[in-house]
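What follows is a single structure, written as structure tokens, with notes after it.
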């Protein structure tokens with residue numbers, strides 16, 4: 001068991017190191033974005049929501065076709081991939097990195113690797129469910145897709161995308177400041193109360 005844990009830890013460290021090398025040119029931008037996403041300043045959530053709202057208002061105003069939107073997105077990503085590693089050191093000054101910044105960059109890369117592993121684990125579990133319990137797999141997938149299709153029919157696609165993107169951008173800050181755990185705990189307590197009340201009635 002210990003040998004397996006050591007092997008997994010070594011593999012995680014190796015993958016993290018590889019990701020650090022790949023993202024080294026983006027290091028300054030990632031650290032700056034990390035501060036915003038974790039709400040190091042009280043006005044950062046407003047900046048996130050404001051910037052997201054402006055982008056989606058622009059998309060709504062221009063109303064591009066799917067092909068145009070996809071082309072512009074890929075073009076923007078290509079430009080960012082080329083320009084950011086070149087301009088970031090001049091803007092932020094990579095030679096001014098502290099040990100704390102290097103450690104935080106390492107933690108971010110480690111968290112990204114863990115998230116990727118977790119997503120792959122969920123994907124494998126889904127296929128394992130398909131093999132072991134095909135009826136449950138079929139029912140779960142069809143029910144989820146029907147629910148998503150109904151939501152997509154009832155809510156405007158762009159507005160729904162805006163809500164999802166806004167939530168994902170605010171999620172790190174919500175988690176960092178304990179807001180998610182606070183409300184999750186409240187929901188859990190309420191559910192426990194309801195279950196206890198139901199047990200008393202049954203008695």
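Cβ coordinates are placed from backbone N, Cα and C, and glycine is handled just like the others.
Since the structure is predicted, the reported quantities are computational estimates derived from the model, not experimental observations.
Between the stretches 5-25, 68-88, TrEMBL puts its transmembrane segment entry on 68-88.
Non-local neighbours of the transmembrane segment (159-180) in the same chain are 37-39, 44-45, 48-49, 52-53, 56, 151-152; each lies 6+ residues outside the stretch with a CB under 8 Å from one of its CB atoms.
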